[in-house]
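**Student:** Let me give you the structure first, and then I'll get to my questions.
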């Protein structure tokens, strides 16, 4: 079988993951991460030919600078690899009601992504930058760009999960409902959990926790999403890096009426100044919170609120499992690496039969998967996500 090399771009709110993947066998030829956008330490790391490299992007750099570096520095050193690219796959957080599966990028698709910006104000603009840069840098692949939507996996949610208790006309006429996010990741780790448990995906009941700068929990019953913590936008749900997650909607009225904040100021507060950043008043980085948990009140406060919220979601989703929960799965940058988050969260769920194994938990970090609970416990797993592989496979399939 001939190779099908796909350039995968995953533009997050504060980072950009990229890879060249052979969609036929999953082999990664180049992979990397640009992170700490808008901060002094903005940087890019990548792996090629077994070697690791790193470079500073410059203080305050973001998506455009990172993409320029990828095209003009990294790929420029591998012209033969660039010449073999057959498609470009883009991770898109929000497709609204318009997109229920992956699609080839057209002007209509770009407009649809723009129309969904109010639903994903941190992410969709970043995705559009990625698409624009890809179209500019690879004109020979102009009709081979594919958008893969994080909202697609959640389209199986039943009405009782996706509807808000608002006038029904707001859903019918304006699409105001719960959509979820991180669907590509939740789908991937569900597939992997099924393999580990030696079960068909359609018989699998798991609760998947994708924890990164953004975070969400998904209830997967019989292999399909039946509920998820993010809502109309990626602002609902868990405590995140800079996002508040769930809060009393009347707080917004209070901030506006009693404190004189404008709608734009409130939007900025909830999406960019809250979460771990708001609770610590120092940083959105979970590594700071974990490293300083025992010594700094701000770190302990942030960690405790973060894990309390996460445990509540996991606990509530057990009610949707029809009496059988096969495992809880942790993934994403925090889920895969923050052993303390996993331990503090599962310690709150002893009633459900979870008992952490400290040594296993510490071993399952830095890209390593594994069981993190004792043999006598209900199962909890760490499974490193691979959204890029799912995106590459979809891109190859649609452009074949």
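Yeah, the Cβs are placed from backbone N, Cα and C, and that goes for glycine too.
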**Student:** Based on Swiss-Prot, name the residue from 17, 45 that is recorded for the same ATP site as 210, 211, 212, 213, 214, 285, 286, 287, 333, 334, 335, 336, 337.
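**Tutor:** My reading of Swiss-Prot gives 17 as the candidate in that site.
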**Student:** Can you grab the distance from residue 182 (site 'Transition state stabilizer') over to residue 213 (ATP binding site)? Cα atoms, rounded to a whole Å.
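**Tutor:** Residue 182 (site 'Transition state stabilizer') and residue 213 (ATP binding site) have their Cα atoms 12 Å apart.
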**Student:** Can you give me the Cα-Cα distance between residue 285 (ATP binding site) and residue 243 (site 'Transition state stabilizer') in Å, rounded to a whole number?
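**Tutor:** It is 12 Å, counting Cα to Cα.
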**Student:** Between the recorded positions 10, 91, 150, 243, 387, which lies closest to residue 336 (ATP binding site), Cα to Cα?
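**Tutor:** For residue 336 (ATP binding site), the spatially nearest of the recorded positions is 387.
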**Student:** Hey, what's the Cβ neighbour count for residue 150 (active site, proton donor/acceptor) at 10 Å?
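**Tutor:** Here the count is 29.
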**Student:** To the nearest whole angstrom, what is the C-alpha distance linking residue 91 (substrate binding site) and residue 243 (site 'Transition state stabilizer')?
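**Tutor:** So the alpha carbons of residue 91 (substrate binding site) and residue 243 (site 'Transition state stabilizer') sit roughly 20 Å from each other.
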**Student:** Whole-number Å only: compute the distance from the Cα of residue 387 (Mg(2+) binding site) to the Cα of residue 287 (ATP binding site).
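**Tutor:** Pair distance, Cα basis, whole Å: 22 Å.
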**Student:** List the residues of the same chain that sit at least 6 positions away from residue 17 (ATP binding site) in sequence and have their Cβ under 8 Å from its Cβ, in sequence order, or write 'none'.
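**Tutor:** Once residues fewer than 6 apart are set aside, residue 17 (ATP binding site) is near 8, 10, 31, 32, 33, 387, 388.
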